Structures are given as structure tokens and as C-alpha cells.
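See below for the structure under consideration.
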Amino acid sequence: MIKIIIGDRIVKSFGEGDEKRNVLDGVSVEINEGEFVAVMGPSGSGKSTLMYALSGTDNVDGGKVVFDNRDLSTASENELSDIRRTAMGFVFQQPTMLKNLNILDNIILPSMRDNRKNAAKISEKARTIMKRVGIAELEKRDITQVSGGQLQRAGICRSLMNNPRIIFGDEPTGALNSKTAEEIMDIFSEINADGTAVMLVTHDAKVAARTERIMFMRDGSIVSELKLPKYDGADMDGRVEKVAVKMREIGI
Amino acid sequence: MYNKIIRNDMIKSKWITVTTMIFVAAAAMLVSLAAILAVNLYGALDTLMTKAKTPHFMQMHAGEIDTARLTAFAKQNSNVDEFQVVEFLNVDGAQFIFGEKSLANSVQDNGLSVQSEKFDYLLDLEGNVINVSDGEVYVPVSYMKNNTAKVGDKAVISGKEFTVAGFLRDSTMNSSLSASKRFLVSSSDYAEVKTLGNPEYLIEFRLKDRSGLGAFETAYANAGLEMNGPTVTYALFRMMNAISDGIMIGVILLVGLLVIAVAFMCIRFTLLAKIEDDYREIGVMKAIGLRVSDIKKIYLAKYAAIAAAGSILGFALSFVFKGMLLENIRLYMGESKYSSFVYVLGIAGILLVFLAIIVYVNGVLKRFRKISAAEAIRFGTAQEKSAGTKRFTLSGNRLFNTNIFLGIKDVLARKRLYITMLAVLVISAFILIVPQNLYTSISSKSFINYMGIGNYDLRIQLSGNIDNVDDKVSEIVETVKSDQAISKVAVLTTKTFKAKMEDGSEENMKIELGDHSIFPIAYTEGKAPAADDEIALSTIYADEWSLKVGDDITLAIEGTEKDLKVSGIYSDITNGGKTAKAVFTDDSAGMMWSIVSAELSDKSLVDAEVEEYAAKFDFAKTSNVDEFVTQTLGSTISSVETASYAAIAVALVITVLVTLLFMKMLVAKDRYSIAVMKAFGFRNSDVKAQFVSRSLFVLIVGIALGTLLANTLGEMLAGMVISSFGASKFDFAVNPLSAYLLSPLMMIISVLIATILGTSRAGQIKIFEHIKE
């Protein structure tokens, strides 16, 4: 198994002096290539902070993060930008789109930074992906003219544009109704089936139950882990039950 | 509650608050200064002209005078209150010696006078009528300003020794635009030197009713009385005295208005940005039932505080600077009698600025009405239509680098916001270019062509009342023509003719005869007279008699009538602006004066040539044209030059401050999109490049519009300033290197520096702080 991310005793603290507290208290975590993982935990447990630390979006105060054999803690800000742009994908809870650009332009934006000359090719690729996630007809719409679910699909399209090694999702279904959330999770499953690793932060047991490994966090530490077989569409209720039992067991 | 809201808001946006306040203070200062100066000018001028009892009508006359006939005319005209003839002894400039200095290079007609008996008094610097003792001389105040003489100096005038007892204000001849300057001596001293100069006469009247001046002028002209020289009336005296300070006040007011416009733009920008930020809150306030006027008050209060503080600061500053600017008025005209009004008007000025800001803010806040509470709460932002930019898409973009594309796209999508910055940059470009072009224009060699003077190097003027003048002119022409150093010569002779008016009356008209093609001047309309039956008129003649190019005019020459067609109209500042030019030959009447003008092939010889001819033809006045221009326009040119440098500095300061302010605000406003772009792998340098392309895009449009405006509106405004000197049509002489290359370059560099400084915080924006829920 090739490890694409290794987090080694990561420490991240907020505040100063007496107020100082560790949001990540020496967390170690590894993610394998093509793996589908979830991080669960109550608010303030540090799950989002862990994701930002692992993706090099936020620097760490202790320990180190290695992505694809590169130590992110010693990388320059520009190198971090380049890694995020070329090897990672991001999907957030709120659709993080630029107001001035239409849907298609928002999707191709990160790819266009380096390959303006290939605009036609890039747009073609975007259309293919949009078709796949079911928003082919929306390319010319403004971001205010589509629904939340459609925006989230567009966000996923954007994250796929540069063929990332891993996609990070911070509560990607948090703002959606359950039917739409399920559709979005179907897309994530499909992406993962194609070989892209996916790491989701969520507090929704149904979302976590789609993945094959769930890390449970509390007070800045991973307190437990649950492994599930790869999801094949069957026995969803059983998987959700297993997650729920684990959650009760550790009291979150 | 308002206090607290305002204080918090100002602390949060101290940069913006301070910058806006600076512009308000500058605007208030300039408007207050303009008001203070205007009151002082008006008051001081009034005091001067009242105390001096300035004549309402003055006819200058060289040659014989029939005082009895004039007295009879004055007695018989019912409107005449007082009448007097003042003698003016024209003395060559070289005959005035103050210590080491002399007035040899002066282009003014310097002369001696005694104190008038009834009116047109010469006043001392305290404003009192001077009583001069024997052996004393009072010197025109302009020679104090240029340090020619000081009190106590020994003076030698026409060989007689005097002591400079003081300086005088002359309500008729103070201005540098007035061609003559009177030195005051006692009657017995005057009698002693009288034989050494040419006496001229100032025939002066004060009228009972000044509104009857027009009728009086006609009556004087029709009576066929002495009029070999310029005619000047009360209004012209006033204008000549007021003009240089008047222009300064005009310029200050204009700059003040531009700064107010800049302040407005800053307010508009910050307010629009603030409204956008507070969109949801405003919606909530509306939804819970607050009235629009209540919400407006919160915003208005902040700007009222800024405007009040800025205005008071500006008022205080205007008192710091007023002394400096009042110096000239005080020197030439003395104190104003309305000094108590100064405070009232200064305060009125800043109140005006204050009110203008309140009204403007109120206008911008009208937008609140349009905010839909429901929409604001649901979307949190204005659902602005970015019409016209839909087709400008990233997927269709082949032309620009992605960062440049994003910069331009942002400007196009948020036109309303950027138009504010554009307006400021247009104003800056305007301020940068117009004074510069004005300076280039008036300092260019051809500028005097607008004022009725050709491009020659030296001129020799002979008065018509010297003996055998025709022979002397011929002698000069022959000498000059045989001079190897001289490449071109022209002789122009001015004579008085009677022109027949439409109503059958006749008026005296001065016509300059000769070949006008040798040293051409600029014509407002039409062209120089070429044929015998053509005549060109100065603007003042043409206006007075309502004549246009192509119209006919009839002259009466020794009983026969001569019809002439108007071939052109030109501006003239010489001889009171009433001149005409024609080419026909005339052997009839005696001439008033003759001018031999010449151009040198080697300009470095001008001084030597002038000296040589001045010595050779001591009966004529030889002068260097450059010297003439320097002395009449020199101070104006140098103040315009200073103003143009000041304008460059002001424009660049405005550019930097406003760009800095806008960029800082934009970074604060766009922190979310910056975080998004950074999350998706855009580097800090990409974000900077986007901001730089935003401001450069706006700047390029701004420079283009500013340059266009400068060359149209600016040229018109400059033309108005120029026309106050007598020139009516005016085209900018542009130095393309500085106007089209250096100036834009300076603006681009300023904007670049300001943008880079203003966006320095963009790099510190933390992605997770803005994206994390």
C-alpha cells in the first residue's frame, strides 16, 4: 500500500498565553492511495483543523506532514499552493465560488492558471465532468442562479479538474437536504472507485458509513477507528448502525 | 448609541476615515481660502479706488493739448463731476538710477508726475494721499516688489538727485498690465526736469453718474477732442488691478472643486463597499421594522462627523496659509475694509463644503430604499446584474493571462465600485496634464502671437510727435536692412482714421499699416489683410461694432470714403486691445507711431543689437521682444510653471492615496474570494497580479479619459484664463513627451506602488479563517 499522506504527531494550537490550547494534540494519521476515509467528532474536536493541516492549507506548530514524500512543514507557501493546485482537490460545506464567474469558469479556474493556452481542451474536460455529475446544462449560469446541490456538484467538478491524488471534503453535504446529500455521496463513491483517495470531515453517520475507514476525534486526538468493507451499494443500514454503535461506545 | 457605533466603525477603518478626512479638509481649506481672498481682494480694491478717487474716464494723450477746449467740454457736459489734466513726463528708463540699478531694461513707460489736485491721488502704503517734499521721490510699489529700490536709497532721475521717501500705490497704473508707471515728485522738482522728457497728458474725468459712461465716451469722441493714446475707463482699471489675484482665486476655487469631487468619490466608494458588507444587517433592520430614515441616520452620522472634523481642520489650515496668499493684495492694494466679513465668508465656505457632503452622502444612501429585506436576508449580497460581461468568459479567453483576465473581469463586473476609482484617476490625470499644457503653451515662442505680437526679436518704436518722423523711419529701416545680422524687417505705422458707424456717427480708429505677412500673428477667425481693401480687427473692435469676417467697414480719409472688407479678427493686448491692421498706403494724416521690427539670424546677438540701436537712435525706443515678454508675462509664466509642478505633486499624491485606500478596502472586502483562490492553489503573487491588473486597467481607461478631457475641457478652461489677458482663441501647445509619455508613466508608477503597498495584506489572509464554517 502506498501512503500518500503521513501526519506524524501533529500539534496545532490556538490562542496565546493562558488561553493557549492545543486543537491538535500530537495526532498521527496515515492515508493510503485510493483510500476512502472519514473523520468524525463533535464540534471543536479538531477534525477540520486536522484536514487543513494534512492538506497544507494551514501550517502546524509541531510534528510534520508528508504528502507524496514531500515534507509540507518545510515547504514554502508557493510550493504549498502548487501542491494544492496540482495534486489535491477541495470541496467545502459552503460552495466556495467566485461571484463574478459563471459555473464553467469557476470549475476551470484553478486549471487555467497554468494552461491558459489549452482553454478549449480544459473546457472540454470540464464539460465531460459536468455531464458525469449531472450539471452539463448549467455551464453558462451565474452561481446565484442554481441550487445548493447543483453548486456542490460544480464544486466537485472543480476539485476533479487537475486529476488530484486526493480530494478533501469539509462537511460537503452539511448544507444539503438528505436526498441531495445522498446523490453527492454517490458521486464521491464513484470518484473513489476510479482510484482517487477521498478524505471527508463529517458529523453525519450516513456520510461516514459510505467510507472504508472512520477516525473518531475528541479534544484534539484520534480516540478510535472503525474499518468497514468497501461500499458496494448493499447493506447501508447495517453500516450506519455500526457507525452509530461506535459513536455511542466512545460517547460522541 | 450613535456615538458608539461611529467610534467603533472609525477605529475599524481608520485608514479610510483619515484619508477621507484629509480630502475634506483640503477641499474646505481651498474653498475657505478662495472666499477669504475674494473678500479681501474686493474690499482692498474698493478701499484703494475709493481713497484714490480713481477717474471714471481717462484719455491718455501725447502731443499738443488744448486745455481751454477740454475745460469747456467738461463744463458743458452735465454728467461731469470733476475734470483735470495730469501731466506725465515720460523719461527714458536708463535715466532712472537707483544705486547700482537702473530701469534701462524696463519695458514700462516710466515717468514723473506730481500729486493730483482733485482726484486720482497717489497713495502711500498706509493708504494716505502722499504729500511729497522737494528732493523726495515716491516709487511705484511694483519696484519695491522686485527689489529695484528701497526707502532711503539715493535716486538719480534725469540727472537730478532724489531720495526714495517711500512707495506709492497708483490705482490706475499699479498693474503690470498697465504700460505706464508714475513716479511722484514735488511740483518744483517736476518743473526743473520737465524740459528733459516728453510730457504726455492724462485727461481725466469723474462723472456724477457712472452708468452714463458709455454716452460720455461717445460724446468725448464726437467732440473731436485730444485722443492720441489709449482710453481707459473705471471698469478696466478695476479689472487690471484685480486680474492677477482674481486668476489665483479662480484657480484655487477650481482646484477646491476638484478636491471636493475626489472627496465625494472616496465617500462613494467606502459607502458602497460598506453597504455591500452590511447588506444583510440592513435587510434585517428593514425586516424588523426600522424606517429607512432611521437606518440612514446611522451611516449619515459617521460622515457628518468626518465632514465636520475635516471642515474645521480645513478652516484652521486656511488661516495658516491666508497670510502668504494675501501678501500680493496687501502690497498692491492695502487692507480690506471688510476684514470682519472674512470669518463669516470663510465659515460660509466650509459650511458649503460640509452641506455638500451631507447632501451627497444622503444621495448615495438612497440606495437603501432599493434593498429588498427578503433578498438581503436570504442571499446576504446584492443580486447585482453584471450585464455586458457575460460574454467575457474565462473559457473563451485566449487573449489574457488568467490573472489579468480575473482582474479585468472584476472591474467589468463591479463597474459601480470601480467607476469611483476611475473618476478620481480621471481627475488626477486632468490635474496632472492641464497646468502642464498651459505652461508649455504660454512659455512657447508662438504664444505672443495670440496677443497680437509677431515673432520678431527686436523692435524700434518712434513716436509720431517727433520732428521729421518719416525721414527718421526711413533712416532706421535703411540701417537695419543693411545690417548683416538681421534676416527680416517689417515697418508698421499706426495712424488714426475716422470709421463710419452704421448710425452715421464717426469713431476714431487706430490702424496699423504695413506688410502683416512678414511677422504673422494668430487670427481667431479669418486671415491677415493682404489686399488693399482688406482690414483685420482686434477682438475688442469687432465685438464693440458687431463686425464679422466678410463684413464691410467704411473709413473717411480726407473727405473721401474708403470701403474695406474685414479679412480677419485677432486678439491683442497692446494699446488697450483696440487695434486694426491693413495694408493700404496712405499719405494723409500724421502718424501716431511707427514700429520697425526685425528678426535676427543669430539669436545670441539680440542683446548687443538692441544696445547698439538704442544708442544710435536715441530718439526712438528700442526693445528686446523677449525682454518685453519676460516683463509683461514673465511672472505669470513662472507662477504657472510653479503651479504646474505643484499640480503634478497634488495629482500624484491623490493618485497614491486613493489607490492605496481603494486597494486596502478591496482586499478587506474580497478576503473571501482571495481565500478561495488561495485554497485552490493560487499563489500570493497571483492574487497581487490580479489586483495590479484591476488598478492598471482602471488607470489606463482613466488616463485615456483624463487626457481627452484635458485636451477639450481643460483647453477650454485654460482658454478662459488666457482670454482674461485679451487673447480669445487658444489652442494648447502640447509637449508630447511629457504629456503623453512622462505623465502617464508617473501615474502608472504611482498606481503600481500604491497597489503593491495596498495589497500587502492579501498574503496574510488565512484560508481556513474565511472558508471554515
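The backbone N, Cα and C atoms fix where each Cβ goes, and this holds for glycine too.
Whatever TrEMBL says is automated annotation, not expert-curated.
Straight from TrEMBL, the features:
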DOMAIN    B:254-359  domain 'ABC3 transporter permease C-terminal'
DOMAIN    B:646-761  domain 'ABC3 transporter permease C-terminal'
TRANSMEM  B:21-45  transmembrane segment
TRANSMEM  B:247-271  transmembrane segment
TRANSMEM  B:300-321  transmembrane segment
TRANSMEM  B:341-361  transmembrane segment
TRANSMEM  B:417-439  transmembrane segment
TRANSMEM  B:643-663  transmembrane segment
TRANSMEM  B:696-725  transmembrane segment
TRANSMEM  B:737-757  transmembrane segment
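Counting C-beta pairs under 8 angstroms (sequence separation of 6 or more), the transmembrane segment (B:737-757) fails to reach the transmembrane segment (B:300-321), with fewer than 3 such pairs. Between the transmembrane segment (B:341-361) and the transmembrane segment (B:21-45), the number of CB pairs under 8 angstroms, six or more residues apart, is three or more, so the stretches are in contact. Taken residue by residue, the domain 'ABC3 transporter permease C-terminal' (B:254-359) breaks down under DSSP into 96 helix, 0 strand, 10 coil.
Residue counts for the domain 'ABC3 transporter permease C-terminal' (B:646-761) under DSSP, helix first, then strand, then coil, are 98 helix, 0 strand, 18 coil. The predicted model assigns the domain 'ABC3 transporter permease C-terminal' (B:646-761) a mean pLDDT of 88.
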